[in-house]
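As annotated by Swiss-Prot, active site, proton acceptor applies to E245, with the evidence given as similarity to another entry. For 37-57, the entry in Swiss-Prot reads compositional bias 'Basic and acidic residues'. Residues annotated as N-linked glycosylation site in Swiss-Prot, with sequence analysis given as evidence: N176, N724. Taken from Swiss-Prot, the feature region 'Disordered' applies to 1-59. What Swiss-Prot lists as topological domain 'Cytoplasmic' is 1-66, 415-451, 502-515, 563-573, 637-645, and the listing cites a curator's inference. Feature annotation from Swiss-Prot assigns transmembrane segment to 67-87, 394-414, 452-472, 481-501, 516-538, 543-562, 574-594, 616-636, 646-666; the stated evidence is sequence analysis.
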Amino acid sequence: MEWSSESAAVRRHRGTAERREGQAAASHPQREASAQEDARGGGRMRGRTESGGESRGAKTALSEARTALALALYLLALRALVQLSLQRLVLSRTSGLQGEFDARQARVYLEHITAIGPRTTGSAENEILTVQYLLEQITLIEEQSNSLHRISVDVQRPTGSFSIDFLGGFTSYYDNITNVVVKLEPQDGAKYAVLANCHFDSVANSPGASDDAVSCAVMLEVLRVMAASPEPLQHAVVFLFNGAEENVLQASHGFITQHPWASLIRAFINLEAAGVGGKELVFQTGPENPWLVQAYVSAAKHPFASVVAQEVFQSGIIPSDTDFRIYRDFGNIPGIDLAFIENGYIYHTKYDTADRILIDSIQRAGDNILAVLKYLATSDMLASSSEYRHGSMVFFDVLGLLVIAYPSRVGSIINYMVVMAVVLYLGRKLLRPNHSNSNYVRDFLCGLGITFISWFTSLVTVLIIAVFVSLIGQSLSWYNYFYIAVCLYGTATVAKIILIHTLAKRFYYVNASDLYLGELFFDTSLFVHCGFLVALTAQGFCSAFMSAVWVAFPLLTKLCVYKDFKKHGAKGRFIALYLLGMFIPYLYGLYLIWAVFEMFTPILGRSGSEIPPDVVLASILAVCVMILSSYFITFIYLVNSTKKTILTLILVCAVTFLLVCSGAFFPYSSNPDSPKPKRVFLQHVSRTFHNLEGSVVKRDSGIWINGFDYTGMSHVTPHIPEINDTIRAHCEENAPLCGFPWYLPVHFLIRKNWYLPAPEISPRNPAHFRLVSKEKMPWDSIKLTFEATGPSHMSFYVRTHKGSTLSQWSLGNGIPVTSRGGDYFVFYSHGLQASAWQFWIEVQVSEEQPEGMVTVAIAAHYLSGENKRSSQLDALKEKFPDWSFPSAWVSTYSLFVF
């Protein structure tokens, strides 16, 4: 196949010369009229005239090398601007000034909290040491407070239960957990309050600096500054330091449903983390109550917010949740949800330490929280917030400099105005009644088809590569080096898109001028983005503003450079003006794309064994390339050739593919400056299975191993040969959750696990489970009452037999909630001390069941203290390579049939 555009031009030139010999009688005025018609039609005529035959000559075509270099440098320059904005954490420094937030003091709080160590609910570290430290600091703050303010402190120990549809759905029960609550109010009291929420507990085996000790440190310092301020408050500010968020949002539920101060709350700010440091992103607001977004816009000193992030998070794509849900669903209170999102690779690991959080990250978070709380605590809207509960908001920041926000209904009007502008622009071309227009309509429709074909084939191409890489065991090769994904999947997408359009240019649009085709494919890209804009707006997505940006600015650019384009052709001046007009959509597009990959890339390292991460990442990358390349398609039709570009992209992709297949890129890293560990859960388990008569029918013990990513144990086996496929765990078909002690109902995400035989364990505080009573109810159901005692964390599982249904129970709202797979899952936890857990379930039985009506199991999890360790567990943990993070604890599993 010949790739050079000059050769096609030569052939057409030769054909034109032959036709010219047979048309010697043609007059000069006729040729002039033909040239004018050619200009009006964009140089588009199938039967070429003299003027059209030279349209792809060297005079009009752009240089391939220069154009490719210009586009590459343009994108790199925009990426540099994005990176610059992300590295600039604070716009102006106020730390240390009187009445301002002091990040140095907040860091002192942070270091004291993390020095306590991992703080799981129910542990002495969480329930005693951390609580004591918080109360000591609050007392000091109270002593230094201004006489204008009054501080009240309460330590709440709630007990309760609720159901949640997170992770497929389950029920939660908590007993005697801890909340430290502080109310700052005027001396004469206040009728209304704004809530600030953080949690001081952590997951097992992690110091939890970013999640969420730094937020509690920020809140302590905000409390200190506000308490010492001579400025009077109109409303109260309630600071909730909750001690059981990692237990799936239990402490916030205990506060909002049981604490007497909860009735005062009219709005809240929740501080969370999905990464370590960087900027804190506003990723949820509402529901409704646009005045809250306006409060953030007006008050925040270092804004960072996106309605796109809100809609992505609320779609459920990200396997995470925050206390925002509890306050929204159980308190019916609007709020703002903020979270650190950078460097999620070390989130919930041993590397989540205080020294990794930059002082500027603390400063910007403190400045923002202090300013917004002050604004809300002195706002008239807080008292009558229900009057402002209407509609949602479109909001987004501009490189962290400012936030733009407007009501979604206004956004819809703007979006449809942009759509109308496109309709008018394209309508003039598509509906013009002449011969050249009929060709344009046909070419436009074919252009749409070619665009979609290029996207579809490029997506199929990268998916084939991703599936192959996954099948040969080289998944996550890009996890430690993200540029590998760009070189493998990004280049493949770009190459395929360019190839499809080059083939269309050579074999379909044979006699069309370059300028005509450049304009045609700009119009098709504009139309596609306009289609997305209409669809998103019609569905009520606030993130449709992005499509509006990608339609409005390119359209304005086209209208501005059109005359220059027609007069001078595709020259360097045209490229400069065109790229300048695309500056805003491409800059903001790259800004959002950074956020997408910053969030999703680490998540793919902990998304379970069933989702091929390469397939997900390749798809996301392909979509991003399609968006970014959409308005660059024009240049494929304006350059003199694409041969070198395609060959370069194929070469980069092929070399990267070979290196990936050879295993040259290891996914994980123990680099102390930027660790990217593999996550592994180790549980030393003792299992006991009873039959209907209560006899033990099976007993075993071992170390149950779960890898939290798609690679399983393939990278671990060379270091620990005993962990291999011969010890793959087998599902106990008749047991709830396959007969293993799942801490949370994530069994559908992790189906590959290993069970290494090990001696039986005997915790000092063993779990006890018994049937208290069994009674037949008047409505022909059986009520079973149970009692359980054990460690601070337990899980209760239920599976009904054929002919039986679980009709009600004493948990949650009384209606049993099934988990994914049909079993029932109850997550239980208690504080430092708790009475026996007694509850009942009611089973509806259609007929007598010889094998029983229900199978139940209880798992005990020892996450703290001496009981969490065993010599075998410690020995195995030590064998794991330094690029891994094995989180280990002891569990028991006991099954009963009734």
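Every residue, even glycine, has its Cβ placed from backbone N, Cα and C.
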Exercise. Between the transmembrane segment (616-636) and the transmembrane segment (481-501), are there at least three Cβ pairs closer than 8 Å, leaving out pairs fewer than 6 positions apart?
Worked result: yes
Seminar exercise, completed: If you measure between the CA atoms of E245 (active site, proton acceptor) and N176 (N-linked glycosylation site) and round to the nearest Å, you get 14
For this session: List the helix, strand and coil residue totals of the topological domain 'Cytoplasmic' (415-451) as derived from DSSP.
Result: 33 helix, 0 strand, 4 coil
Exercise. Which bits of the chain, at least 6 residues beyond where the topological domain 'Cytoplasmic' (415-451) starts or stops, bring a Cβ under 8 A of a Cβ in it?
Worked result: 37, 40-42, 44-46, 500-501, 504, 508-509, 512, 520-521, 523-528, 530, 533-534, 537, 544-545, 547-548, 551-552, 555, 558-559, 633
Seminar exercise, completed: Cβ density check for N176 (N-linked glycosylation site), other Cβ within 10 Å (all protein chains) comes to 18
Exercise. Taking the Cβ of N724 (N-linked glycosylation site) as reference, which residues of that chain separated by at least 6 in sequence fall under 8 Å from it?
Worked result: M713, T717
For this session: Would you count the other CB atoms within 10 A of the CB of E245 (active site, proton acceptor), including those on all shown protein chains?
Result: 25
Exercise. Does the transmembrane segment (394-414) reach the transmembrane segment (646-666) with at least 3 CB pairs under 8 A, where each pair is 6 or more residues apart?
Worked result: no
Seminar exercise, completed: If you count CB pairs under 8 A between the transmembrane segment (646-666) and each of 67-87, 452-472, 516-538, the winner is 452-472
Problem set entry | For the topological domain 'Cytoplasmic' (637-645), residues assigned helix / strand / coil by DSSP | 5 helix, 1 strand, 3 coil
